[in-house]
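Participant: There's a structure below that I have some questions on.
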Amino acid sequence: MLIITGVLMAGSLGASPAQAATAPPLTAAPCATDPATGCLQGTIKLPNGDPAVGIKLEIAGAGLDTVAVTGDDGKWSQAITAAGAYTINLDTSSIPDGAVLDSATKNPATVNGALNKNTGYVFKIVGGTTAADGTTTQTPTTDAGTGVTFERFLQQLVSGIRLGLLLALAAVGLSLIFGTTGLSNFAHGEQVTLGGLLAYLFANVLGLNLILAAVISVAICAATGYFQDALIWKPLRRRGLGTTQLMIVTIGLSIALQYAFQYFLGASTVRIDQANPVTVALGPVTLSAQSLISMGIAVVIIALVGFVLVKTRIGRATRAVSDNPSLAAASGIDVDRIIRLVWTSATALAGLSGVLLGLVLNGVNWQTGLQLLLLMFAAITLGGLGTAFGALAGAMIIGLVVELTNLVLPGDFKYATALVILILVLLFRPQGIFGRRERIG
Amino acid sequence: MDQLLGTLNAILNSAISPQTAALAIAAIGLNIHFGYTGLLNFGQAGFMLIGAYAFAISIIGGLPIILAVIIALVAALIFALILGIPTLKLRGDYLAIVTLSAAEVVRIVGRSSLLTNVTGGSNGITGNEYRSPFTDLSFFGDGRVDFGPWNYDATGSNGWWFIATAWFVVALLCLFVWAIMRSPWGRVLRGIREDEDAVRSLGKNVYSYKMQALILGGVIGAIAGIVYILPASLQADSMGRSMTYFIFTALLLGGAATVFGPVLGAIVFFAIRLFVQGIAGQFVPGNIMNGQQTEQFAWIVIGITLMLVVIFRPQGILGNKKELSFDVK
């Protein structure tokens, strides 16, 4: 059973839709696992996200030699009755014209099938393909090792700024919560996921206008923050739970929310607004119009948060609570009210970040936030725990590092580099860029 | 009724399975960090993964099993040093974030396609490639053996040889923790948990003690990694962040800072999950909750259980409320 969770954890943020292949087949030839049966399975998608129908896979091994074909949903599965190594050979002639198998995907592939377990393998198809309406979409390839050209550098630089801005939206809230309550909120990533999934629900499932859907999603996310503080965190503060205890409570919440997302959505990745993106060329850099607008929104909102924090009474009060809650309370600030406000705005910002991520990246799945959480922690640690502007600067640095890493290392490593930098920063400047020196021991 | 019996059977099987033992061992290691010393290590799965990789790769490289185990332990020791040197002088939450990140780095590097020749990439390493030296050590003979409600192969993977060895290791480690925590060394660790400054004012080198605790618990984590992969296969993603969270859940359920808490917690952890899944599978109609969803529902219950335990019974099942590891600074 732990292995199944392991399978569910596979895949990474920004993975193409074709990689969300660990869900069991619900509509294709059903294969149910039991102690005597295991399943080999996967989902193959065309570069535009549509399911790839009729792809033939020759599966051989452990006395089995058969052909599986993907169904209307792009899913294939094969029941096996013996554990062992199986060879899966994708018949490349069954791939629609114009598309090819990604060069990084092994074909034929060898997988280790086990009984009572789903074993997934991902065949990734890339390249332009003709969509049903006759338009041609391109999947940008982000393979490393194609050489570092100045154009690629610029492209990754802009991607980095984009990721940094979206990360900053979420990280500012995490940092404010930490600053005012001392709590490292491990469920903050799930707030990002929630925003993205709600926007998908309203825009794509219920068919609302995208902007309206985004506004409603952010409002709901804000409400979750308000009620979370009212129903969980404030009573727990009253009970006198320590910050470590509270932190572990947020881990429990995070686990519960992750599986709640999977409960309703499965392991699939959903894209908000599946229309073909309009691209804008800025010199050598190509960006989708959605990316530009998202970056614009992020800049405006971050500037607004900064303005509120610096110039308004409520912002000054927030910073005062952040600085020293007891002193702030003594000088007449209603600390509980400020914390409530911080929770509400932090979850709203995280939700907005999720909506924009869902629009800009390849989509949102149950673990989008989980992947982002570490980057957020890296960002706020880099900037100095609890300082809002530090979170902004840290997020920009982390965003750039993550995307620029792609220039020289394979995509797998982009998150690892950001985390290694975090460790190095702690080694040499543990208080972060904007933090005050504070050490114990 | 059949299904209820099936659930009961699954719980009984999981209660003695080597993987439960592995979770218990990892929790024993974490108990030294978190329960006794108050260190917030969120990277226990990383220690497991380091141990598992070092063990499997050494065996595949042709080294004898004893040497492979030693290499795994040394690898965990080095990992602990790397994590501890920058963070143990800082506030506790820095250690949490760094250990969490470092464990992720290990997982990402391990599953990376660049290292497919060594680590098997995201497909990992199959058990057959490293299991046989361990199976060869078995003196249990062949055939199937009944014992109470359990029936397994004597030696095959998931058989009695694996089960007995795993739980023997658990018992040894429990004895070790019991002995070491009533020694003066253990008292210093508890002192650090309660009040670091007081211990420092008594002339103890707190940094060094914390480092020793981090190394000890991490090395035990590596043992857990080896026990975890022996009957199964080595996949980087099976020892990710969720694993660390499950280890924490098991530890807190059973009771931090107790000798048997981690073991009991690991068994109860799997029992709750299987029980909820079995009950949901039987009594909730399939059109409301399908098979996949009952499993996810069980995990949701686990998450909520963790929240409730920490709020209402932070000492866990066996713990002593006076001896709480929370509120490390």
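Cβ coordinates come from backbone N, Cα and C, glycine included.
Automatic prediction, not curation, is the source of TrEMBL annotations.
What you see is a predicted model, and the numbers here were worked out from it, not measured in a lab.
From TrEMBL, for reference:
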- A:1-20: signal peptide (SIGNAL)
- A:163-186: transmembrane segment (TRANSMEM)
- A:198-226: transmembrane segment (TRANSMEM)
- A:246-266: transmembrane segment (TRANSMEM)
- A:287-310: transmembrane segment (TRANSMEM)
- A:341-361: transmembrane segment (TRANSMEM)
- A:373-401: transmembrane segment (TRANSMEM)
- A:413-429: transmembrane segment (TRANSMEM)
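On this model, are these features tucked inside or out on the surface, and what's nearby?
Facilitator: Listed as Cβ neighbours of the transmembrane segment (A:163-186) (distance under 8 Å, sequence separation of 6 or more from its ends, same chain) are residues 192, 233, 237, 243, 246-247, 250-251, 253-254, 294-295, 298-299, 301-302, 305, 318, 321-322, 325, 335, 338-339, 342-343, 345-350, 352-354, 356-357, 360, 372-373, 375-377, 379-380, 383, 385-388, 390-392, 394-400, 402-403.
For the transmembrane segment (A:246-266), same-chain residues at least 6 beyond its ends with a Cβ under 8 Å from one of its own Cβ atoms are 8, 23, 26, 181, 183-187, 189-190, 193-194, 197, 232-233, 236-237, 365-367, 370.
Residues 13-14, 162, 166-167, 169-170, 172-174, 176-177, 180-181, 188, 191-200, 214, 217-226, 228-229, 233, 270-273, 288, 290-291, 294, 297-298, 301, 305, 314, 318, 368-369, 372 of the same chain lie 6 or more positions beyond the ends of the transmembrane segment (A:341-361) yet place their CB under 8 Å from a CB of it.
Same-chain residues lying 6+ beyond the ends of the transmembrane segment (A:373-401) with a Cβ under 8 Å from its Cβ atoms: 157, 160-168, 170-172, 174-176, 178-179, 184, 186, 188-189, 302, 305-306, 309, 319, 322, 415, 417-419, 421-422, 425-426, 431-436.
Same-chain residues lying 6+ beyond the ends of the transmembrane segment (A:413-429) with a Cβ under 8 Å from its Cβ atoms: 12-13, 371, 374-375, 377-378, 381-382, 397-398, 401-403, 405-406.
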